[in-house]
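Peer 1: If you look up TrEMBL, you'll see 33-218 marked as domain 'BPL/LPL catalytic'. The feature substrate binding site is assigned by TrEMBL to ARG78, GLY79, GLY80, ASP81, PHE82, THR83, ALA84, HIS85, SER149, GLU150, GLY151, GLY162, PHE163, ALA164. Marked as site 'Lowers pKa of active site Cys' by TrEMBL: LYS146. Taken from TrEMBL, the feature active site, acyl-thioester intermediate covers CYS180.
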Amino acid sequence: MTKFLHRKGLPSYLFPSIVPYLRYVKFQENSRKNRRESMLFLEHSPCLTGGIGAKAENLLVSPSHLNSLGVEMVTLPRGGDFTAHEPGQIVGYLHIDLKKRNLSLGDFLRVLNQSLVVSIKETWGLTVEENPKAPGLYTTEEHKRKLVSEGIFAKSYFTSFGFALNGLNNLSTFSLINPCGAKSEDMTSLLRLGKDKDFPKKRREFVEIFTKTFIDLLP
């Protein structure tokens, strides 16, 4: 585990190996209970997660089929519909005490998205933007495709969960769902965009830029 900036009382960590999803769920619960802020950057083994807005018709296969594929299914209190996690993503989890920082949830989301836009542009030269009709960040070509999925949970003025940026993952797990209610063909990755060169180095660079930008924008 690599530790990055620790400014404004907010440490950030990059994990070198895969972290089991349910291990993170327990971590975020303990973080909220203890009001302990942090940012984590990691990746998960193949799994599907469903938020409070998840619709049954957006899960395209049976639970038994998921088991046969070795894909875990987890239901969560975060916002959003179904999404997928795969090795090769950059998953960022943000545990922020909104009350202590006098920060509204809307302001937090603006800081998050602004930090992602800046970090992706500086690291890979890609321009991404929000879609007013759906969460996440999308490429700006004619057929806009989602590069970053987002799902935030805020309880007791404390945030958890965060974002997943598709990196070297092949997106196969997304074919099992309609991600966030959309078609899986609407997803993209750094690999598909031809931005996969020197990925380990670029991942670290992205985390460094995101961490600094996010912390600088916080009150």
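These residue numbers are counts, starting from 1, taken along the chain as shown.
A Cβ is built for glycine as well, from the same backbone N, Cα and C atoms used for every other residue.
TrEMBL does not curate its annotations; it predicts them automatically.
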Peer 1: By a simple count of other Cβ atoms within 10 Å, which of PHE82, PHE163, the binding-site residues in the record, is least packed?
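Peer 2: PHE163, out of the binding-site residues PHE82, PHE163, has the fewest neighbouring Cβ atoms within 10 Å.
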Peer 1: Can you check which residues sit near SER149 (substrate binding site), meaning Cβ under 8 Å from its Cβ, same chain, 6 or more apart in sequence, and list them in order?
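Peer 2: Listed in sequence order: GLY80, THR83, PRO135, GLY136, PHE163, ALA164, ASN166, PRO179, CYS180.
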Peer 1: I need the most crowded of these recorded positions: ARG78, LYS146. Count other C-beta atoms within 10 angstroms of each C-beta and give me the top one.
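Peer 2: When each Cβ's neighbours within 10 Å are tallied, LYS146 tops the list.
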Peer 1: When you measure from the Cβ of GLY151 (substrate binding site), which residues in the chain that are at least 6 apart have a Cβ under 8 Å away?
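Peer 2: In sequence order, the residues whose Cβ lies under 8 Å from that of GLY151 (substrate binding site) (at least 6 apart) are THR49, GLY51, LEU76, ARG78, GLY79, GLY80, THR83, PRO135, PHE161, GLY162, PHE163.
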Peer 1: Please report the number of other Cβ atoms within 10 Å of the Cβ of GLY80 (substrate binding site).
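Peer 2: Counting Cβ neighbours of GLY80 (substrate binding site) within 10 Å gives 24.
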Peer 1: Distance check, please: Cα of ALA84 (substrate binding site) against Cα of LYS146 (site 'Lowers pKa of active site Cys'), rounded to an integer number of angstrom.
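Peer 2: Their Cα atoms are separated by 13 Å.
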Peer 1: Could you measure between LYS146 (site 'Lowers pKa of active site Cys') and PHE82 (substrate binding site) for me? Cα positions, answer in whole angstrom.
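Peer 2: Taking the Cα atoms only, LYS146 (site 'Lowers pKa of active site Cys') lies 14 Å from PHE82 (substrate binding site).
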